[in-house]
């Protein structure tokens, strides 16, 4: 394959697609790829940008993918670099770093649904990065599409002029050519100095079984070639370049160099993505750039949960599996922990609940593990009486009550857009979740935008499911962490047969403790199988028992073998059984079924 002449910077366009879940982003990406003939019709599959099975099944994008497209317009050859971004709230860090490598973004809105909360959040990230925003109304072929109302909706909500918005249908392939031409004429070419020292931004990284850890980079200044030695500015380590490629969902395209303004994949032969952290800067080892690229924050976990293998001898397999997933996911972090009830496992940090579900599902599906997940928690700031501060993410680490001066919990600012008919139900839900209303505005007659501050631990349990059920699935939701605020929190323990089951402990608002404790013991009573001895299930705060249920013992007919009517013989056997039950009650261990741990997540 002969080496192509480098594309001049004025003919490069780097753009990304911002859209809410289900607004047709991946389908639109497929259309653009097909229109530019980047993939032959034979190899084209739907959602070609979503490479994980779990992405295709759930219809969501998790890892941001990129593709290089060639397009000829008015006799000139252009290179269009499309960076696909996830749309779900948990993956907004993927969005922010993808947007840093672009000059423009397509704001895709479903013609039947209008602007959603997540879209607004990501559009603001794009505007903060000074991106040119092109509004695109998708699904115009649907009978209930209302293009004029949606344009007005975008103008009112985000403040972007939509008089010339592109109207497309990715499914029916309408308006795709016009959209490509609009990208070329409207989105600015990349800026940067081709003669300056190399400065490249890593905006994604993943692990390849053959090439090791790969970095997806945007060249901001200078250029990179295969003979170069590279310095990773964050780690201070130097590496030789083993290979350079242009991104394509099916097969990477090798190249000798990546020029200023281009997007490409760099292989440095590294064993883990931790050596090429996302947001880090690559530069030339001999002639480094004076300052790395600014404005990047490492992804911080928001939710923590314990993951334990059901087969206790598979602890090492779980460690291996987590390490492999971490190669691809710099937001995932974990440390070993042990629980009296569940044995050895890991405390794992996630970006949010969807991230936690996806990781758990991948561990079970790709590595064949059976796992128990404990109730998710957030990080609490505990001020102790000796003026020190302790950060607690596991309820079992909470110090005794008499050592605590106060506890602060993290709050988030939640933005919710809902049809106005569900407003009453929604406000009731938010009040139950200890929400504080900050703002309420009507976007039009039928849609309302609410802004609330909420404690993080109220949204990590089941808030998303409840939000969807009380608005029949129509509300959309986005949040950003704001600050820690003082709260009245206590640790609620569950005791089974007198022993605290550490994996079931939760930190909860004091006013909700009795209600939750009552619900917990009642649910546990249903789930724990009857034993040969009586089992007490108690909920306690500190040393105070606040709720109790008893599982009656299974009666075994010990007198069945006694024929004839000797009552003393029967009495002797019954006394012996009573003694045995007493002893079992003292030393007996109760096996807790996995459903008991899952039940905690589902209890209001």
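Positions of Cβ are set from backbone N, Cα and C atoms, glycine also.
For 10-191, the entry in Swiss-Prot reads domain 'tr-type G'.
If you look up Swiss-Prot, you'll see 22, 23, 24, 25, 26, 27, 138, 139, 140, 141 marked as GTP binding site. Sequence-distant contacts (6 or more apart, same chain, Cβ under 8 Å) of residue 140 (GTP binding site) comprise 111, 147, 167, 168, 169, 174, 175.
Here the domain 'tr-type G' (10-191) returns a mean pLDDT of 75 for the predicted model. The least crowded of the binding-site residues 26, 138, judged by other CB atoms within 10 A of its own CB, is 26.
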